[in-house]
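One structure is given below, represented as C-alpha cells, and several questions about it will come after.
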Amino acid sequence: MQLLQSSVIAATVGAALVAAAPVELEARDSCTFTSAADAKSGKTSCSTITLSNIEVPAGETLDLTGLNDGTTVIFSGETTFGYKEWEGPLISVSGTNIKVQQASGAKIDGDGSRWWDGEGGNGGKTKPKFFYAHKLDSSSITGLQIYNTPVQGFSIQSDNLNITDVTIDNSAGTAEGHNTDAFDIGSSTYINIDGATVYNQDDCLAINSGSHITFTNGYCDGGHGLSIGSVGGRSDNTVEDVTISNSKVVNSQNGVRIKTVYGATGTVSNVKFEDITLSGITKYGLVVEQDYENGSPTGTPTNGITVSGITFEKVTGTVESDATDIYILCGSGSCTDWTWSGVSITGGKTSSKCENVPTGASC
C-alpha cells in the first residue's frame, strides 16, 4: 500500500512539474528591464524585451547588439540619457529578424539642449550620436517617438531594414542644434523608410552609399532637405537604385539635392525624386553639385563621380525670394541620362552659375 501511495504521489508531482514547465518557459521568453546594465546582461535570455523607463548612465550605450534572431524590443515609458561629452552612440541595436517598437505613449528623449552649442559635429562640445542600426538585418523599426538628439539621429548600415512611422523631433534645437541629421545611410541594401516625420537642423535623409533604398511619405521640416551624398572619399562610393517619393520638405535650407566630393571617384545611378512638394526653402529648391571639399562647395566641379539615370518628376513648390530655384553644377560629361518632368520650382532667383547641365534638364 505504501509503495502504491508513493507511486501516486510521484506521478502527481511529475504531472505538476510537466504542467508548470510551459509557464516557466513563457517567463523566460518575456523580460522587462529597468536599467541599461540589466538589459545588456540579460538581452539574449529573452525573445521579447521591454525597456521600462530606462535612464542610461552618462557615457554609456543602451547596448542591444547581438540579439537572438527574432527578438522583439519594446520601448516603454520614457528613455533618457545622462550627460557626458563623448562620441556615442546612445543606443545600438543589431541582429536578424528583430522588431523594434514602442508602447503607447512612450518617448525616447536625448535632451540634446545639454550639448547644443551651434557647432554640431564641427567643434565645441563632443556630442554623442543617437541610434546605431548597424547589422540590423531583415528587421524593422516601427513607431518610435524620438526627441532632441544631440547630433545625428540614425546611422544605418544594414540590409533589408524597414523603418515605419518614426518621428524625430528636434524642433527645440532651432537656435543651437546643428548636424542633427535624421537618417544617414551608408553601405546598406534594401532600406525602406516610410512615413517619417522629421524636425531637425541638417539632412532629413542623407544616402552616402548603398542600393535599393526608398524614402516615401516623409515630412521634413527645418533641415537641409532630402540628399544623396555627399558621395565620394569613403571606402564605398556607390549609390544606386534609390526612390524618394511622395514627401514634403518645408522651412528647410534645401529641397532635394545630390552632392558629390571634389576630385573623388564613384557612381550615383538610377535615382528618382518623384512627387516632392517644397515650401519655405531658403537656399536651393533643387540642387546637384559636384564640388564638395571638406564638407563645403568650392564652385569648381569635377567629373570623377558619374551621376546618371537620374529622374526628377513632379518636384514642385516655392523657395524664398533670396533663394535659388534650381542649381546644377556638374563636371564635364559626368551628368548623363536624366529624366526631367513636371519640375516647377518658383519664387527665387535663376542661377547664372550652372555648368554642364544634362540634356532635358533646366537650370
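Note that the numbers count up from 1, one per residue, in the order the chain is shown.
In case you wondered, yes, glycine gets a Cβ from its N, Cα and C as well.
Not my notes, these are from Swiss-Prot:
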type	residues	note
ACT_SITE	ASP202	active site, proton donor
ACT_SITE	HIS224	active site
DISULFID	CYS31-CYS46	disulfide bond
DISULFID	CYS204-CYS220	disulfide bond
DISULFID	CYS330-CYS335	disulfide bond
DISULFID	CYS354-CYS363	disulfide bond
CARBOHYD	ASN162	N-linked glycosylation site
REPEAT	158-187	repeat 'PbH1 1'
REPEAT	188-209	repeat 'PbH1 2'
REPEAT	210-230	repeat 'PbH1 3'
REPEAT	239-260	repeat 'PbH1 4'
REPEAT	268-290	repeat 'PbH1 5'
REPEAT	302-347	repeat 'PbH1 6'
SIGNAL	1-20	signal peptide
For the repeat 'PbH1 6' (302-347) and the repeat 'PbH1 2' (188-209), decide whether they are in contact, meaning at least 3 CB pairs lie under 8 A, counting pairs 6 or more apart in sequence.
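Contact between the repeat 'PbH1 6' (302-347) and the repeat 'PbH1 2' (188-209): absent.
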Give the sequence-ordered list of residues that share a chain with CYS204 (disulfide bond), lie 6 or more positions from it, and have CB atoms under 8 Å from its CB.
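Set apart from CYS204 (disulfide bond) by at least 6 residues yet with Cβ under 8 Å, we have ASP181, ALA182, PHE183, ALA196, VAL198, GLY218, CYS220, GLY223, HIS224, GLY225, LEU226, SER227, VAL249, SER252.
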Restricting to the repeat 'PbH1 2' (188-209), what is the model's mean pLDDT?
99
Which listed range (210-230, 239-260, 268-290) shows the maximal number of Cβ pairs under 8 Å with respect to the repeat 'PbH1 1' (158-187)?
210-230
For the repeat 'PbH1 3' (210-230), give me same-chain residues lying six or more residues beyond its boundaries with a C-beta closer than 8 angstroms to one of its C-beta atoms, as numbers and ranges.
170-171, 174, 180-183, 185-204, 236, 238-261, 268, 271, 273, 276, 281, 292, 295
Which residues does CYS330 (disulfide bond) neighbour through Cβ under 8 Å, counting only same-chain ones at least six apart?
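Within the chain, CYS330 (disulfide bond) has Cβ neighbours under 8 Å at VAL288, GLN290, PRO301, ASN303, VAL307, GLU355, ASN356, VAL357, PRO358.
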For CYS46 (disulfide bond), list the number of other Cβ atoms lying within 10 Å of its Cβ atom.
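If we count other Cβ atoms within 10 Å of CYS46 (disulfide bond), we arrive at 21.
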By DSSP, what is the split of the repeat 'PbH1 3' (210-230) into helix, strand and coil residues?
0 helix, 15 strand, 6 coil
